[in-house]
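**Q** So Swiss-Prot has the following annotated:
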type	residues	note
BINDING	C64, C68, C71	[4Fe-4S] cluster binding site
BINDING	C108, C140, C200, R273	[2Fe-2S] cluster binding site
DOMAIN	46-275	domain 'Radical SAM core'
Amino acid sequence: MAWPDLDPPRLAERPLSLQEALFVLEAPPEALPALAEAAIRVKEYFFGRRLKLVRLLNVKSGFCPEDCAYCAQSARSQAAIARYPLLSLEEILERAEEAQRLSARRFCLVAALRGPTPKVLERLGEAAQAIKARFPLELCASLGLLEEGMAEALKAAGFDYYNHNLNTAPSLYPRIATTHTYQDRLWTLKRAREAGLKLCSGVILGMGEGPKEVYEMALALRELGVESLPVNFLLPIPGTPLGDGRTVAGLTPERALKALILFRLLNPKAELRASAGRERYLGPYEPLAFRMVNSIFLQGYLTQPGSPWERDRALWESLDLDVEEGACG
């Protein structure tokens, strides 16, 4: 087929069709530079050259009753990770100060749970109020499934975003988790939206999906209108059901970059984040990825290490990207 129309305003008005998306995902190597430049143009049209730095904090580790196949903290996991109970208010504030020193713009508080307990809501509510009083940080909570009133409590405490990833396509979801459904995740995002929280929701690539499922994920997130969209690449963790790495065997740097390009083109106004696994899978294309995304995670993920801060800083400085600063609006 002929090249699709990749004009930024047009992409904002009408999503790519499945056929156009497959053109991107199945493009030959010689087309990759032009596709990457198109994605970069989209990013710069809507956001300029800004890059937002995001820091994660696992406020409790392990002991999750859910059975997500990718997760080292799940009920099915035998992974050798640190397991600890809910951090104290003082520990959370110390880590917020560290995030501020690292030039982070957003601080994400994460707990592996089916949903937040009253104790978790109280502790993180206190933390949010204290952080907002001291640091110019955007705040995001990721605490599992939300019941009535929980999103409102988080919003009132000062949280700006709620993260709840869709992770994969609906047709593949039963392979990934059985203790909750894809629809449960959609309901949680709906509750967060109704409470006035901005939505952070994304995917984990490398869990057995094909090109059509990648398109399905990117289109679903567009239809939800998510403000923040993390694209993760599976880090197989020994001791988890996906720990043997069989599902990522074909995830080459070219395929990883083309997937990121598609998420950019289908979600031109979303804050796209190159998330877990970018260091491993993007390889020589990581500089291109930095130019087409809005944000990156700093210094690792929930249970896995990431890129050193100094390395990432050298990369964004070499690309002349503008790191976001200032009080959150």
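Positions of Cβ are set from backbone N, Cα and C atoms, glycine also.
Fair warning: this is a prediction, and the values are worked out from it, not measured in the lab.
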**Q** Whole-number Å only: compute the distance from the Cα of R273 ([2Fe-2S] cluster binding site) to the Cα of C71 ([4Fe-4S] cluster binding site).
**A** 20
**Q** Compute the average pLDDT of the predicted model within the domain 'Radical SAM core' (46-275).
**A** 97
**Q** Write out, in the order they occur in the sequence, the residues of the chain not among C64, C68, C71 that have a C-beta within 8 Å of the mean position of the C-beta atoms of the recorded [4Fe-4S] cluster site.
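**A** Neighbours within 8 Å of the Cβ centroid, excluding C64, C68, C71: E66, D67, Y70, A72, Q73, S74, A75, R76, S77, A112, A177.
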**Q** In Å, rounded, how far does the Cα of C64 ([4Fe-4S] cluster binding site) sit from the Cα of C108 ([2Fe-2S] cluster binding site)?
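**A** Cα to Cα, C64 ([4Fe-4S] cluster binding site) and C108 ([2Fe-2S] cluster binding site) are separated by 18 Å.
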**Q** Please report the distance from the Cα of C200 ([2Fe-2S] cluster binding site) to the Cα of C68 ([4Fe-4S] cluster binding site), rounded to the nearest angstrom.
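**A** One finds 19 Å between the Cα atoms of these residues.
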**Q** Which residues, sitting 6 or more apart from C108 ([2Fe-2S] cluster binding site) on the same chain, put a CB under 8 Å from its CB?
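**A** Those within reach of C108 ([2Fe-2S] cluster binding site), by Cβ under 8 Å and sequence separation of 6 or more, are V54, R55, L56, L57, L139, C140, A141, S142, Y161, N163.
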**Q** Return one of helix, strand or coil for C140 ([2Fe-2S] cluster binding site), based on DSSP.
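**A** Looking at the DSSP assignment, C140 ([2Fe-2S] cluster binding site) belongs to a strand.
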**Q** Quick check: with C108, C140, C200, R273 left out, which same-chain residues have Cβ atoms within 8 Å of the centroid of the [2Fe-2S] cluster site Cβ atoms?
**A** V54, R106, S142, Y161, N163, S228, P230
**Q** To which of the binding-site residues C64, C200 does the lowest count of other Cβ atoms within 10 Å belong?
**A** C64
